[in-house]
Amino acid sequence: MAGKFLWIMAAVLLSVQLLHYGAARALVWWLGVSRRPVLWTVFLIGNTIILLSSLRLMLSPRWVAAWLALLWFACLSAGAVLLLNQFAFRHHPQRRRVLRIAAAAVFLALPAWSVYHAYVPVVRHISITLDKPLTKPLRIGMAADTHWGVLAGKRQIRTLAQIMQREQADVILMPGDIMDDNTAAYEAENMHSELLNLRAPLGVYATLGNHDLFGHQQQITQALQRAGIRVLNDEAVLLDGRVWVAGRPDKLDSQRLPTERLLAQTNAKQPIILLDHRPDDAEAHAQMPIDIQLSGHVHNGQVFPLNLLVRALNRIHYGYERINQTHFVVTSGYGFWGVPLRLGSQAEVWIIDVNGKQP
């Protein structure tokens with residue numbers, strides 16, 4: 001296990017250095033200057049940021065995320081220019097000038113596009129028919145990975161409440177990463193006043209994700225409870241006498257109950273919805289009497305090409321899939337981690353219409 005971890009770390013470090021090199025080469029071309037000073041400057045700045053953040057000196061991980069995003073956008077801009085040079089401007093009389101303008105335009109457009117997709121959510125609808133009877137349809141509003149904190153606050157909560165009200169969700173379910181590590185920004189900006197407006201006829205239920213378990217889980221739980229949100233900590237509740245909602249904390253909590261023991265609190269003859277932050281255990285859960293599992297965590301990679309990585313690492317990395325009799329919905333998340341950038345993914349809310357088997 002230790003050997004595998006070292007290989008992964010080596011691959012990550014190598015990828016980061018290649019990213020520095022690619023961005024530096026792009027900058028050399030764009031500025032038309034000597035290569036060596038730019039290369040040394042980019043490597044020095046970047047690795048200093050990474051070192052200070054890793055040692056928790058002065059800089060938070062957000063600085064690393066922002067720096068790597070900057071490098072990646074520079075590389076993507078260079079790639080776009082290479083394609084333009086190859087297929088569109090090879091014989092243009094002012095080719096170099098045009099390509100430099102194009103590179104700058106792409107470099108500015110990428111973060112603008114990414115910020116838009118991080119802050120402007122899309123609403124996705126899906127209908128699910130269970131193999132168990134249900135006395136009347138149920139409309140679920142699902143939002144995970146809200147990451148409320150310094151960069152996502154009152155406005156995002158207000159928008160979420162408006163979406164749920166407009167979509168007339170019967171119940172709101174939030175499977176993890178509600179806060180961005182702690183409640184400092186939540187309290188400082190009085191987000192509580194907006195969160196009070198997040199309401200549904202059958203209630204609002206949440207579970208804690210890994211970012212809710214970094215030492216501040218008690219404060220996060222209390223903040224949510226004060227806003228009328230029930231945090232399910234290895235427990236199950238019966239909604240309206242017809243549907244069970246079971247919730248567990250993220251697997252970062254080594255004391256959490258095994259899924260089988262959690263389900264023992266329910267009635268398997270009735271529909272069961274499981275809130276589990278990570279979709280890791282999808283195949284195992286598909287062998288259990290779980291009708292719907294709602295998860296998040298992987299953000300659909302958040303920034304391309306990480307979506308390809310999470311696809312390779314997860315049985316279900318994003319979207320809807322049915323395995324046996326269990327319906328899985330994995331969301332890309334309502335918020336974001338690190339910096340407000342989404343490329344190849346978008347902030348979203350799921351509206352899930354659930355119907356029972358016809359007699």
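The backbone N, Cα and C atoms fix where each Cβ goes, glycine too.
Taken verbatim from TrEMBL:
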DOMAIN    138-300  domain 'Calcineurin-like phosphoesterase'
TRANSMEM  6-31  transmembrane segment
TRANSMEM  38-59  transmembrane segment
TRANSMEM  65-85  transmembrane segment
TRANSMEM  97-119  transmembrane segment
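Within its own chain, the transmembrane segment (38-59) is flanked in space by residues 16-17, 20-21, 23-25, 27-28, 31, 67, 71, which lie at least six positions past its ends and keep a Cβ under 8 Å from the stretch. Under 8 Å from some Cβ of the transmembrane segment (65-85) lie the Cβ atoms of residues 16, 19-20, 22-23, 25-27, 29, 42, 45-46, 49-50, 95, 99, 102-104, 106-107, 110-111, 114, 303, 337-339, 341, all in the same chain and six or more residues away from its ends.
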